[in-house]
Every structure is written in C-alpha cells, then in structure tokens.
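Colleague: Following this message is one structure expressed as structure tokens.
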Amino acid sequence: MESDGEMEIDICSSTPWNLSGWQKGMSFKRNFNNALFPNSNPTEADNLDASATLTTDAVCIIIVVLVFIVLAVMGTSITAYEIFCEKSRKAERRRKHVKERKAKNEEENVTVSNNLEEQLRKVGLKDLFNSMAHFRVSEKKFSRDSHKEQFNCIHRFRFFGSICLIFALTCLFYIFTKIFPENMEAVKSWISWWISQFMPNSFFILDRFIAMRIVALVFVVLVTVRSSINAFEFFCEKKKREEKRRKYVKEKDEKEEENKKISNGLEKQTRKAWLNDIKSFLTCFCVVENGKKIFNMNSSKEQFDCIHGIRFFSCIWIILAHTGLFYPLTIKKVETVKPWTSLWITQLFLNSIFLVDGFFVISGFLNGYSFSKDYTKNNGKISISYFYIKRYIRLTPVYMIVSGIFTLFLSSSCGGAYNSCSQLHSACKEYWWWHLLYINNFQSYAKQCIIWGWSLALEIQFYIVSPIFLILLLRRPNLGYSFTSLCIVLSCFARIAITKHCNLVDGITRMSSHIEELGHFFYRASIYFDKFYQLPHTRINSYLVGILLGYYTYKRRMNGKDMNISKVALYSGWIGSIVLIMVSFFVMYNRKEDVIEIAIYNGVNSLLYAAGFAWILYVCVNGQGGRLNSILSCKALFPFSRISYCSYLIHLILVLRFYHASPDVEEYSVLSVMCHFLFVYVWTLIFSLIASLLFELPTGNLLDFIRKRSRTQKNQKGIDCN
C-alpha cells in the first residue's frame, strides 16, 4: 500500500522538490533552500551569467520606471501649473470684483446723494412746473393720432376752410385799400366814433389796455417757459436715445469682435489640437489627479461601499498570514513551532487560502453586476474586445514592473532561502512571458518568477470565460442558472477526483502533525499547489458564485423589487453563513488523516466558504449588515482598498526579503510576528501607494484617454459625413 501511494505521488508529481535535501538537525531555512533548489552550489559561470542578466534586467527595469516617473513629473507639473494659474485668475477676479463693487457702491452713494439734493432743491419747483404744465404748447394739439369716434374729414375741412377764409379776407382788404383810398379816412373816423360810443373814458381804456397787455405778456412768458422746458426735455430724451443707439452699436461691434475672437480661438484650437492631446496624455500620469482618485471619500449609489472594507480587512489578513507562515524561515529549530501550530486559533492563518476565494467572489460579483448593467443599457451591444483589453491593461503594467523589481530585489542578495541566483534568473528569463500571457498557473511553482501570481492568472482566465455564463443568464436565465450550477458541481467533483488520485493533503492545515517529517509534508504540499491549488477548473466555483450573486442583485434592483430580507430569513442566513465558514476553517482540526475525508473536504471547502462569504456580501450590499456593514462601509477605508491590488503584489516581496536577510532565532514568538507584521504592512502601504500613483492608475487613465479620443474622432467623422 505504501508503495502504491508513492507510485501515485510520482505519477501526479512534477515538482522539483528535493526530498534528499531535507536533513534533520539542519536549520529550517537551510533545509528549505536545499529542497527548493537542489543545485545549491552553482558554478562560477552560472554566477557570472546571473550577474550579467541582473545588469541587463536592472537597466531595462530602471528605464521603464524612469519613463513612468518622468511622465508622472511632467503630468504633475502641468496640473500644478494649471492649479496655480487658476488660483491666480480667481484671485484677480476676486480683486477686480471687489474693486468694481466698491466703485459701484461709491457711485451709487454719490448718485443717491445727488438725487436727494436735487429732489430737495426741486421740491419747491415741482408744484410750479405742474401749474405751468397748463400753459405749455400742448402736444395734443399737434397729435396726429385719431380715434374711432373722430371724423378725420371734418378736421381737414376746418383746416383748409380757415386757410381759404383768411386768404380771402386778406385779398379783400388789399383790394379795398387800392380801389378806395379816399374812403380810408371815413373808415378811421367811423372806428373812432364807435370807440367813443362804447368807451367814452380814454384814460380808463388806456389803463385796461395796459393791464390786458401785461396779462397777455404773463401768459406768453409762461407759455414760453413751459415750452422751453418741454423742448429741453425733448432734447434730453433725444440725447438719451442717441446714447442708447451708440451703446447698442458699440455692443454690436463688441459682439462681432468677440465672435471674431471665438473664431480665431477655434482656429488656434484646431491648429494646436495636438498640444491639448499631449496635455491630456500627460495628465493621465499626474500624481495630484491620481492621488485625488485614491483619497476620494465620496460614495455614490452605484458604488458598493462595503466592498472597500472587505478588501481592506482581507488584505490585512493575507499579509498577517504570510508573515506568520514565513516566520519559521528564521527559526533554527522548527520543532518550536509545533505548540503554536496545534492551537485552534492558528487554523485562521493556516487556512488563509480561503481569503483568495473571497477575492474571487468579489471579482465575480462586480463583473456580473457591471456586465449585466452595461448589457441591458446597450441592448446587448457590448464591445467584448474592450471588455478584455480593459482588464488586461488594468492588471498587467504594474504586475510586470513589480515582477522585474522583485527579481532585482531578491537577487541582489544571493543568500537566505533563495541561495541560487542563477536558478531564479533562469526561471524569470525563460518563463517571463507565461506571466505576461497569464498562463503561469499551468507551470510548476519552480518555473514561476512570481509564485503568488497564480491568482492573477486565474483572475484573467475567469474573466475571459465570464461572458459565456453572463450572456446565458441575461438571455435565458433558467438555462444560465442550470449551466452555471452544473459547472460549480463539476468543479467540486474535479477537486475530489484530483485529491483522491494524487493523495493530496488538505493544504497546510495538518502541519502541526507533520513537524517530524516536514520535508515529506512540504513535498506533498508542493504537489497540492501544482496539481490542485492554482488550476482554473478547481478554483472557478468561487468565481461563479460571485457571478450568480452579481447577476441576482442587478436583476432585483432593475425590476424594482424590495431588496430587504425578512428577519427570519436574515437570521437564518447569518447562522448558515457562520456555520459554513466555521466548517471550512475548523472541520479538519485535530482529525486523523483519511484519504476520503480529505478528498471530500478539498472538494467542498472552497464552495462552502464562498457561499458563506457571498451571504455576508449580499446583506451588506443591501444595507442589512448592521454594525458590520457600518464598519465595512467606513470612508476611511476607501484609500486602503484602492491600493489593495498593489499591496497584494508587493507585500510578499517585503516578507521574503525581510526573513531571508534576517538572522536565525531560537524559537517562535507571536510578539515578534506581530512586530514584523507591522513593519511589513507599513512599508507595503508606502510602496503600494507609490506603485498605484506611478503605474497602476496612469495605465487605466491612459486607456480611458485613448477610448475618449477614438470616440471623439468617430463623432467628428460622422458630423463631416453629414
């Protein structure tokens, strides 16, 4: 039986793990190095070749990093200059506004005071003007307006009749004086006699004549004054109209000049469009703008705030678990770790592999929700090429740069656990393109440059096949649910079959019971990693659970259904979720090793954790998570969540670098682990923030810039064609 088991391991194994390199009595770090790298004594030629490769890689990586830094500096400089100019313009406008307002207030005060003085001066003349208004030459006499009740012909008859009568009387008087000049004296005497008969007192007549002349003169003066006032008012009104006309002409000229400026500006913009494109291109790398995106605390209805908190705490958990798991590399006697690994609380760290399943659930949920939303919004018309390119550009640049820095960072000290620079560089030199194509998870761990990059490869592979499930769910929901559920079940059966066939371990859950034969345990664990842990058909069930959850959430929101869950269902769901998660973590604690039990556990543990995690995510998204939702939705966690991707890439570099360069210690210490965790976490945050500002966000901004520019060009072509 034992030989059969060994034969199964040999058939399933392609691991380069060297069991003969593990020797009792040797430090854990040295044993790990000898088992991981059988060729621990490289030749001088290998070291020279590794050094030459190091130099070439260093130059390439430094050039790439410098390009990003230069672009970031240029973009930041442009943004800083724009901010400075905008502040200067605002200050100038503010000063101008204050000055204009002050001048306007002073002018208004002067005008008001002058008006008051004029009103006070003219208050006595007002009544006089009103009384004199009766003596002015009435405008009504010269009015050319007619009403319906008036007869215009009568006015014309009176006018022409009066003119003819005056002309006739004048002609008769002229003829009479020419024909009868001797009778003029008789006429004069007759007039004098008539006056003497009716006005016998000449002095009285003289006095009345003078009085009448004075009265007439007064009336003439009043009429003249009031008519002069009317003439002055008419002149002022005419002057105002002329002023308005000139102002209108001036405004018209100004508008024409402004239109000319606008046309000239459009011409300049057309001529300098490439400058605007360069400016927009450099803005993609601006540290200020990218920093605003990272530290933006605003939330919207379309944003699931609780996911930020889940990412933050999951990232902390992963970093803490890796710190504790790699701490034994610094221990001289690995037997001192056994008391700690036998504690039940340690299962939270030994089974931290489930945290990756949580990230797969989140990725599937976001992908399912956003894809369903875009698919419905665009009536089924989605650019699949952009769907894939966007995800690839989102992950790849920072991934490749961190991979190159990792190669230099670890290889700069050819010691510790990774004692052979030549073997490390041969893996990176020969198989780097596997990482670029995200197929590195089909290679053995020894042929991977970034061992923890398997999760990114799975992320891309799941993303590629996700439209198949989502389109089925959107077009034919029943068929989509059935097909997705079938794939989940088949994945579980594949996990069970592979575990039983290759006699795999259940992760590193039982490490405490294998301390005496740790070399053989890690040998089986390496097979578990290569043949089970990093393959898509054994890990896709968690992602499919997330896709189903995202699609279900979107459909309920789109249909306007009540998202709230009844209290009975809510409490039952919480109990079931906690039970599923606890079973995933603790069901195999202190149990004897049995192939059937391990096969069943490996088959369903990931699905159980994904189901429990999906319930927590669902109730938090619906706002029924209570205090937990309030904690996860805290806005202070948003920046940490946005740099979680870079934190995942960088933290293990710091963990390995720290432990490989540290001296050996006598025993395992929880306090030391926590101190190392804080040290690693702080530096991870610093480097992750730098990587996000310089590499991650600029590439995403650049993709958006290219897409907007292509859309603008298409719209312009469409306008030109029309």
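Cβ coordinates come from backbone N, Cα and C, glycine included.
Copying in the features that TrEMBL gives for the protein in this structure:
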type	residues	note
COILED	238-272	coiled coil
DOMAIN	306-692	domain 'Acyltransferase 3'
TRANSMEM	61-84	transmembrane segment
TRANSMEM	157-176	transmembrane segment
TRANSMEM	210-236	transmembrane segment
TRANSMEM	310-329	transmembrane segment
TRANSMEM	349-371	transmembrane segment
TRANSMEM	392-410	transmembrane segment
TRANSMEM	451-472	transmembrane segment
TRANSMEM	479-498	transmembrane segment
TRANSMEM	540-556	transmembrane segment
TRANSMEM	568-587	transmembrane segment
TRANSMEM	599-621	transmembrane segment
TRANSMEM	642-660	transmembrane segment
Colleague: Any contact between the transmembrane segment (349-371) and the transmembrane segment (642-660), i.e. 3 or more CB pairs below 8 Å with pairs at least 6 residues apart?
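Modeller: No; fewer than 3 Cβ pairs under 8 Å.
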Colleague: Below 8 Å between Cβ atoms, which of the listed ranges 392-410, 568-587, 642-660 makes the most pairs with the transmembrane segment (310-329)?
Modeller: 642-660
Colleague: Can you name the far-off residues of the same chain, 6+ from the ends of the transmembrane segment (540-556), with a Cβ under 8 Å from a Cβ of it?
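Modeller: Contacts of the transmembrane segment (540-556) (Cβ under 8 Å, skipping residues fewer than 6 from its ends): 357-358, 360-373, 458, 462, 465-466, 469-470, 473-474, 477, 480-481, 484, 487-488, 491-492, 563, 606-607, 609-611, 614, 617-618, 621.
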